[in-house]
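Comments concern the structure below.
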Amino acid sequence: MAITRWFFSTNHKDIGTLYLVFGAWAGMVGTALSLLIRAELSQPGALLGDDQIYNVIVTAHAFVMIFFMVMPIMIGGFGNWLIPLMIGAPDMAFPRMNNMSFWLLPPSFLLLLSSSGVEAGAGTGWTVYPPLAGNLAHAGASVDLTIFSLHLAGISSILGAINFITTIINMKPPAISQYQTPLFVWAVLVTAVLLLLSLPVLAAGITMLLTDRNLNTTFFDPAGGGDPILYQHLFWFFSHPEVYILILPGFGMISHIVAYYSGKKEPFGYMGMVWAMMAIGLLGFIVWAHHMFTVGMDVDTRAYFTSATMIIAIPTGVKVFSWLATLHGGSIKWETPLLWALGFIFLFTVGGLTGIVLANSSLDIVLHDTYYVVAHFHYVLSMGAVFAIMGAFVHWFPLFTGYTLHSTWTKIHFGIMFIGVNLTFFPQHFLGLAGMPRRYSDYPDAYTLWNTVSSIGSLVSLVAVIMFLFILWEAFAAKREVASIELTSTNVEWLHGCPPPYHTFEEPAFVQVQAN
């Protein structure tokens with residue numbers, strides 16, 4: 001019975017749970033890889049061996065965290081669990097395809113881990129640029145296995161995106177317009193559209209790289225009339241939307257958390273929030289070359305990409321100030337999810353400010369491939385996406401399980417994690433401004449102090465991760481059941497109790513919309 005339930009599931013709640021468990025496991029693998037990186041960099045001199053093994057670890061860390069931790073948890077886990085409940089749908093539009101979307105991920109993960117285990121591993125960085133990723137600099141099957149891994153993860157995401165778009169547009173009650181759905185639903189809708197439009201470009205780029213490596217084509221080889229810069233354009237046309245794919249569901253979750261713990265019926269500026277997400281989604285597609293300021297673009301091209309990148313700060317600012325306006329005048333409940341949300345707003349804004357710095361092509365020429373860039377994207381991912389995930393998990397855990405997490409320990413966990421990530425990544429701004437380059441396993445001893453501080457911070461974060469596992473165990477051991485839920489009229493996912501029954505909305509929901 002258990003085998004058929006979990007392997008052949010067509011239930012959105014079960015598949016969401018599978019995604020959450022898989023993402024948590026992958027997150028621990030990715031954390032272990034990051035600790036190896038920080039151990040290597042904690043002092044000058046070699047620890048793990050040569051630069052190849054170091055860069056294999058860096059590459060695997062990036063792929064694991066992006067494709068097997070953040071995306072499965074945010075989109076697969078919370079998306080599957082919450083979206084049918086939030087729109088009153090009995091399940092996803094294509095339940096069996098939903099199951100396939102999940103079960104493509106473990107084989108994909110296996111291929112990625114295999115790529116590290118054969119030959120010398122894929123030490124290309126997650127960008128997999130040729131000619132380093134070509135069949136001379138990376139002979140053997142490692143890069144090919146990485147490419148196949150990305151193909152499977154990409155198919156999984158495309159199928160999931162089709163499923164979410166269809167579900168959200170088609171499975172609402174007839175009386176509900178798209179502009180009456182919760183913000184998390186909007187966030188996942190925009191995310192799904194971004195995935196659907198950007199992933200095929202990545203698939204094309206890495207397939208061309210595969211044929212360059214194995215079938216003697218020369219798409220990226222100047223000797224045969226190709227151009228390695230073409231690969232960069234294809235890769236970043238996917239990977240810039242990808243970073244918005246990683247953060248947009250987080251925006252949606254933060255909107256729900258901030259409104260709920262401010263005691264508000266709805267977030268401030270609902271329509272502004274929706275249009276801001278759509279604007280971010282659109283602008284995310286027309287700024288990709290800001291990752292390529294150092295390849296020798298025309299000055300007018302650089303001027304355009306600088307300006308377009310800065311424009312994204314406007315809808316992002318709309319969202320940040322709307323969250324602050326939602327908090328304003330609220331009856332604030334100081335519970336752990338709100339702490340994660342407040343941490344998110346502050347740290348995501350800091351990461352956004354360093355992003356504005358890097359948007360300037362002239363400054364980016366100097367800062368490109370330094371630790372300043374690493375600090376920037378870890379502020380928006382390690383403290384944006386991850387804080388959103390943690391806040392959402394603590395907020396919706398009672399819905400998923402029927403049990404409550406320990407309120408004091410989750411607050412302590414937040415405090416340790418907050419100190420850990422800031423201690424890890426704030427010093428990296430200094431290293432970058434001092435010119436320390438990325439993706440090197442060793443450094444001159446002038447950089448020792450801040451690298452040591454950063455590595456100590458990573459150990460603090462490790463303590464937080466271990467404490468989180470303890471908090472989970474404690475909740476399931478203590479079995480504190482949920483007493484009551486407030487504000488269910490505007491938080492419809494809670495209407496069926498905690499946890500909700502296996503099948504919800506088996507009959508269509510009756511929705512009466514008041515005329516304004």
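Yeah, the Cβs are placed from backbone N, Cα and C, and that goes for glycine too.
Among S407, S441, S454, S455, only S441 appears in Swiss-Prot as part of the Na(+) site alongside E40, G45. The Cu cation site recorded in Swiss-Prot comprises H290, H291 together with one of H233, H240, H328, namely H240. According to the topological domain annotation in Swiss-Prot, R5 and A175 sit on the same side of the membrane. In the three-state DSSP reading, H368 (Mg(2+) binding site) counts as coil. Ranked by the number of CB pairs under 8 Å to the transmembrane segment (228-261), the listed stretches 141-170, 183-212, 299-327 are led by 183-212. All protein chains considered, the CB of E40 (Na(+) binding site) has 22 other CB atoms within 10 Å.
Within 10 Å of the C-beta of H290 (Cu cation binding site) there are 22 other C-beta atoms, taking all protein chains into account. When the Cα atoms are compared, H376 (heme a3 binding site) and H368 (Mg(2+) binding site) turn out to be 11 Å apart.
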